Every structure is written in structure tokens, then in C-alpha cells.
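Taking it in order: structure first as C-alpha cells, then the write-up.
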Amino acid sequence: MKNQSIVTTFIILGLSSKPQLQVPLFILFLSIYIIALLGNLVIIAAILSSSKLHRPMYFFLLHLAVVDIICTSTIIPSMLGNLVVVSKSISYPRCMAQLYFFTWSLGAEMVLFTVMAYDRYAAICHPLRYSIMMNKTVSVGLSALVIVIAVVNSWVHTGLMLRLSFCGPNVINHFFCEIPSLLALSCTSVHLNEVMVFMADIFLAMGDFLLTCVSYYFIVRAILRIKTAEGKRKAFSTCSSHLIVVSLYYSTVIYTYIRPASSYSFDRDKMITTLYTLVTPTLNPIVYTLRNKDVKMAIKKMLPYPGK
């Protein structure tokens, strides 16, 4: 911790400084957090309790639910606290911890979307070879790859942030400690940080998005060969909802991190940030389970009166 600098506490401005918006924003984000938390916890419980869901697709869905819980729990409780107190401060260590866990969940989610798209590609385009392509060894290996990439990503960016000095101002024009908003406050050169962020955006975000799109391209080609109109409609309906959420996530992440910190307009960009930090983790449980009969059946079996 050689870089202990003059600034030991940051002030978080939040989404809005208007007093009349504090209560509506508190209710809105509390509702989002409850929906995201309960939705992902239900998915975890359903997958763990049902032997029918002990398959690669649900194995990765379980990972996604855990990542989304970590992401929302890293950001929203702190945001809610800042909406009800006068002093919207966060200490330097807490800020760095929040940055670490958010960056970890960001990297994990991007790779997970790619892995889940590949799993669907294997299941739809190669159904007879699916059990070989996605056997237990492959599934565990892909899971380990997700974790390793996420850890390395968070270590690199948090480590580079710890090298910087912050000597004022200490006001973060954001609702949490994110890389661009912190780089804008540094007293020392952020060139290396911006280079590594740009490289991560190119190889991690854009690379994963490209691989995900390739998987869905082959999935769509396979769907077009389905002979029944009803079968095509159901398959397209499911795939399109998945692709919309994935595209929303990747596009907003790429847009946020592709630019140098000096070009940011935080009043606009922090609204875009809500799409991949708050909206997507809330939508994931709905999108990935709404039309899934196996998951819905497992959830019904957990209810006190499953027959009702």
C-alpha cells in the first residue's frame, strides 16, 4: 500500500443530487435488488434441488446466478445507503474492494455468456455428440476458465488502480467506484491503466461478443432447418430473448470502456452503466427461465403446495 495518498475518503454523487428524486430512486433500486436477489436465489435453489437440472446448461446458469448476486450486492446496498444519508462517503479501502468485486463479476459474466452460447450451439447443432462435447471434464474446465479469467481481469485493473495517487478532488461523479470515474480523479498518469482497459475491452468484451455471435449464427442456421412453423417460432422466441440481453450487456460494456477517461460525460454514461450493472442481472433470471419448462417444474416442486 505504498500509494496511501492524501485522499482517504471519496464522495459518491450517485445518479442524481436532486432531493425530490432520492425516495423514488431508493424505492426503484430496492425493488430491482429484491427482484434480482430473489430471482437468482430461486434459480440456484431449483438447480441444486432437482437432479433433472444437473446438466451443463444449468451448471453454467447456476454460475451466472451467483455472479449476478455478487454484482448487484457489490453495488446496490451501498447505493441505497447513500440515498438515505447526508454524507455519501466511501473509504479508500472499501472503494478498492468494490472495484475488485465488480470487475471480477464483469469479467466472469462476459465469459459466461460466451460459454453458455457455445453450450446451446453444441446442444442444438450437434445433439448426438452433445454428451461428448460437453462432458463433465469439459464443463468443469470451462468453469475454471471463467473463474481464472475473471480473477486475472480484476487483479490487473485493481492492482493498477492501487498504484495511482489521489490528492483531490475526491468527488466521484458516479453511483459506485468504477474504473473510468476513478481514473478521472487521479493525480498521476493513467496511461497504463487506459491501455489495459482498452486491451481488456478489445480481447475480453469484443472477443467474447464475437464468439457469442458466431455460436448464435450457427444456432439460427439450425433453427431454420426445423420443418414445423411452431417449432421455429418457439426456438426463435427463446434465442432472440437471449441474444437481446447479451447484446445489451456487451454493447454497453464496450461503449463504456473503449474510450479514455478524459472523454467521459459522467451524467450520461452513468445512466448507461445501469444497463449492465443493474438491469441485465435482474433480467437474466427472467430471460433464462421464463420459457424453460424444466426450471419452472423444479421451482413448482419447491413450493409448499406444488400441485397448485
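Glycine is no exception: its Cβ is also placed from the backbone N, Cα and C atoms.
What TrEMBL says about this one:
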TRANSMEM  27-48  transmembrane segment
DOMAIN    39-288  domain 'G-protein coupled receptors family 1 profile'
TRANSMEM  60-79  transmembrane segment
TRANSMEM  99-118  transmembrane segment
TRANSMEM  138-156  transmembrane segment
TRANSMEM  202-224  transmembrane segment
TRANSMEM  236-258  transmembrane segment
TRANSMEM  270-290  transmembrane segment
Q: With Cβ distances under 8 Å as the criterion, find the stretch in 27-48, 60-79, 138-156, 202-224, 270-290 that has the most pairs with the transmembrane segment (236-258).
A: 270-290
Q: With pairs restricted to those 6 or more apart in sequence, evaluate whether the transmembrane segment (270-290) and the transmembrane segment (138-156) have 3+ C-beta pairs under 8 Å.
A: no
Q) Taking the transmembrane segment (202-224) as reference, which of 27-48, 60-79, 99-118, 138-156 has the most Cβ pairs under 8 angstroms? A) 99-118
Q: Mind looking up the mean pLDDT for the domain 'G-protein coupled receptors family 1 profile' (39-288) in the predicted model?
A: 89
Q) Hey, which bits of the same chain come close to the transmembrane segment (138-156), Cβ under 8 Å, at least six residues off its ends? A) 56, 59-60, 63, 100-101, 103-108, 111-112, 115, 118, 196, 200, 204
